[in-house]
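Here's what Swiss-Prot has on this protein:
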{"type": "ACT_SITE", "residues": "GLU502", "note": "active site, proton donor"}
{"type": "ACT_SITE", "residues": "ASP556", "note": "active site"}
{"type": "ACT_SITE", "residues": "GLU620", "note": "active site, nucleophile"}
{"type": "DOMAIN", "residues": "35-183", "note": "domain 'CBM-cenC 1'"}
{"type": "DOMAIN", "residues": "197-359", "note": "domain 'CBM-cenC 2'"}
{"type": "DOMAIN", "residues": "365-710", "note": "domain 'GH10'"}
Amino acid sequence: MRGKWLRLCLAAVLIVSLLPGLGAGEWKASAAKAGDILLSHSFEEGTTQGWTARGGVKVDVTAEQAYQGKQSLQTTGRTEAWNGPSLSLTDVVHKNEVVEISGYVKLVAGSAPPDLKFTVERRDRNGDTQYDQVNAAEQVTDQKWVKLQGQYSYEQGSSLLLYLESTDAKAAYLLDEFQIRLVKAAPENPGEPGEAGQALFKAYFEDGNIGNWRARGTEKLEVVSGIGHNSNRSLKTSSRSETYHGPLVEVLPYLQKGSTVHISFWAMYDEGPATQVINGSLEKEFNRDTANLEYAMFASTTLNKGQWKKIEADIIVPAESTGISGLRMYAETPWKQSSEVTETDTIPFYVDDVQITATEAIAIEKNIPDLAKKLGSSYALGAAIDQTALDPKDPHSELLTKHFNSITAGNFMKMDAMQPTEGKFVWSEADKLVNFAAANNMQVRGHTLLWHSQVPDWFFTDPNDPSKPATREQLMQRMKTHIQTIVSRYKGKVHTWDVVNEVISDGGGLRNQASGSKWRDIIGDVDGDGDDSDYIELAFRYAREADPDAVLVINDYGIEGSVSKMNDMVKLVEKLLAKGTPIDAIGFQMHVSMYGPDIKQIREAFNRAAALGVHIQVTELDMSIYSGNSEQEKPVTDEMMLEQAYRYRALFDLFKEFDDRGVMDSVTLWGLADDGTWLDDFPVKGRKDAPLLFDRKLKAKPAYWALVDPSTLPVYRNEWTASQAKVSLPDRKGQEDIIWGAVRALPFSHVIEGAVGTTGEVKTLWDGKQLNLRIEVKDATRLKGDQVEVFVSPEDMTAGKKNSTPKDGQYIFNRDGGKGKDQKLYQVKENKSGYVVYASLPLSSADLAAGKVLSLDFRITDKQPNGKTSIVVWNDVNNQQPQKTENRGKLKLGFDLKHAKVMYGTPTVDGKEDKLWKKAVTITTDVKVTGNSGAKAKAKLLWDEKYLYVLAEVKDPLLSKKSANAHEQDSIELFIDLNKNQTNSYEEDDAQYRVNFDNETSFGGSPRKELFKSATRLTKEGYIVEAAIPLENVRTKESKWIGFDLQVNDDGAGDGKRSSVFMWSDPSGNSYRDTSGFGSLLLMKK
């Protein structure tokens, strides 16, 4: 422990020197000297002394053998060369020091002789990793101890992990008498206090004292021996009964107000679940007011049981002008209300190696265009903020006033913040925001007057007996008082109010107590018209009375991507408007992702809102880099940020459409920058996100540049997949091949030149000889010069290989058929809205195979009656075709097109196979989603005017419905897309029907539950499900394509956990919300 003691003593000198009045600026410490032992491990104390497993191995102390003494460190159970013992050196070896790392190693008896060496895994704060070899690999046997020794130094990096690796993946070995010796100290240049990298505060707990740390509640804090990170001691927190219980320490005396610092600590737990999230948080006190403290999480991470992990982030210390009088860091588990806290939430945990260092100050880019001004829109562009953005000296404030002209309080104008106790309103923070906005000529959006969340319990209880609910009259009066007191105070100062927030239930209809809201249940139907949405009507009327000129908004999430939820919103607003309710706008929160919902669906939702006669506001916009709740944290890559940038551009192009129509009021980003996003730690604990226009250092991301100057960005390469199937050009009568109806269309409409209007839509198929295209162009005027160009070549051409034939892979298809060199490769068919090009492009068989990628782009030229030209492309927004093959999109050649022809027939739904089923087509669930093996099904299909019939025989030897979750039970799921729009999110015609082996049903999307039929029967090999799925708008005299998929869920172990999922078509696992991967069924005419 000598090395750690040395570092601790130096840190103690440093901390004392930074206390006020102690002449910190003149301090110079005596550093460690050459020859000093920084770290020494003999393992005689019986602990691993901070060494942990790298990979699925066992690392423990053994008394079987030792180089000196009686014990050594043993590593067993290895399966990979890199598996072994590891030790963090982050706080042991510093930049530019030269150290000698050594240790004695020997094999456990019976292991094959491998070569062993020490390696350092070195990471920077962006996650980039280097692997530094410390010593030459030495052959080691089980006969004698071998010394591994080498010198090590580094210049860049934020974390160091030393590990022992072997050329043999299975060898078990011993380590003893490990040490790190300082060979050469780093150059002495501490500079002024606050220089980047300088330690300002450290807590190692090796002296056995808690120091100034204290509990936040009734929990117990103690320094324990035998458990530590790279040491023998750490700070343990136990007897916790609340999630916020944890160790806390005051750090403000050690920090310069207004500076940027890096906070880090290591955490570990060894009781309870396999994983647990630990948060690093701050408690802020202003003007010595201990009654109104502010809390903020600065970092969060998911720990694995028994393994230490670092929690770290940069923070900005509040400036002197804020009145900051206390800044305390603490550790906790994710917050829950007391009534929801479980034993898992209150596990004991350990903290060690706490450190705060100075870092480069965070500053905004002052020489880039002002975002709101550059957009030049008539709608307000805003951001949601916390209180730090109201401090003019904080860089977040600078970012806000430079780029935005509207502000929203993220949390401090919600109900619990404004009136925590009945009759006692808290005005301080809201007043600051309103005054700040006035001083900077900004609009204010008030968020929110009424919500089911973050509302104090007293609203809903009897004032004389809190055990009883409030009466209708009491709750109505409280609502009126709350709304009118706040709106009256800020009359003429707050431009817009979110009057009610999130009143639509995800399960359909208005929220009630079962879905988290008591407003509807208590107030109910006041006017006796049979409708219980009266509390919403009253809230709007109260707000209008208090400020007749404020814009009043009904705000909700998910309505841009859920047709059923938007249906509920439209019905509600129609009904309220008919009663004269003063609703001015519908607020679309727009918490979207890079993957959905698609622009087409958002446009449709906006159109439906505008059709009601109200305006549109985008109120909480952000764009997650994750596809859903099941995705774990991933590194942020340049390609990912470029993809996000182009999606942001598409969204703002859509906003411009509605701004030009005069119905877009405002667009608000839910946060200023990624360092303050609410999506960190939500919906997945410990997961960081990057959803906004500015990064964690407040620097402009590609998404910002996509809005102000897209030409500065590289061209993003869109991707699409072509299925394999043979297809013919239209016959002599112009009839197209029916197989095109099974193919999903790729729309493109990026205007390079001219006016918006012309659009394209392409379908792709491939076979062993050619790439087949169906390109539909919307262009109402047929003029000479109208044409479609296709640019296609093998993907490896982008690496500089010789171009294919034709030159540069360019094909020109004239609308009039023309006489060009490509005339024999295509046909053109006119239709009501424009024309369709059918083309078969011969390519080398070497380039046409599943998994191959083609470089592809499309360009439409539209000649217009006024002599001008409009040009639209799919991918190359710089219009540098055909020369720039690297600017083309990617077309991946996929597997067989999943489609089937379904014959007409009406079987009896009883779980038995009628004779009719003998003529039915059969499909199989052979596409893996999860699990390497498990239950699968063969299914037959029939249809009539009312139903699609499915007879599925599932092979599943162990049947289970142990889980309370329907999707984890042994079952099949039937997905249907009646209009075959193949969208990234469900439309009103899309539905999910689930039937388990015991004929218990559950549903998703927009099912017609009352018409659905099913029957099940157990078999020797599993079970049979026969089902009838309701159809709409089908005719027996014509064939019709619909979207369909079949899924089999299997709890293979019978333990209540789904172990495998197999599908007919869609491997994505998103079929419950996304119809784009469904297969296609052709309902053959009778």
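Cβ atoms here come from the backbone N, Cα and C positions, even for glycine.
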Tell me the Cα distance separating GLU502 (active site, proton donor) from the residue listed as 'active site', rounded to the nearest angstrom. 4
What number of additional C-beta atoms lies within 10 angstroms of the C-beta atom of the residue listed as 'active site, proton donor'? 21
May I have the DSSP-based helix, strand and coil counts for the residues of the domain 'CBM-cenC 1' (35-183)? 0 helix, 75 strand, 74 coil
In the chain carrying GLU620 (active site, nucleophile), residues 6 or more apart in sequence that have Cβ under 8 angstroms from it: ALA384, TYR557, GLN589, MET590, HIS591, THR668, TRP670
Averaged across the domain 'CBM-cenC 2' (197-359), what pLDDT does the model get? Just tell me the whole number, please. 91
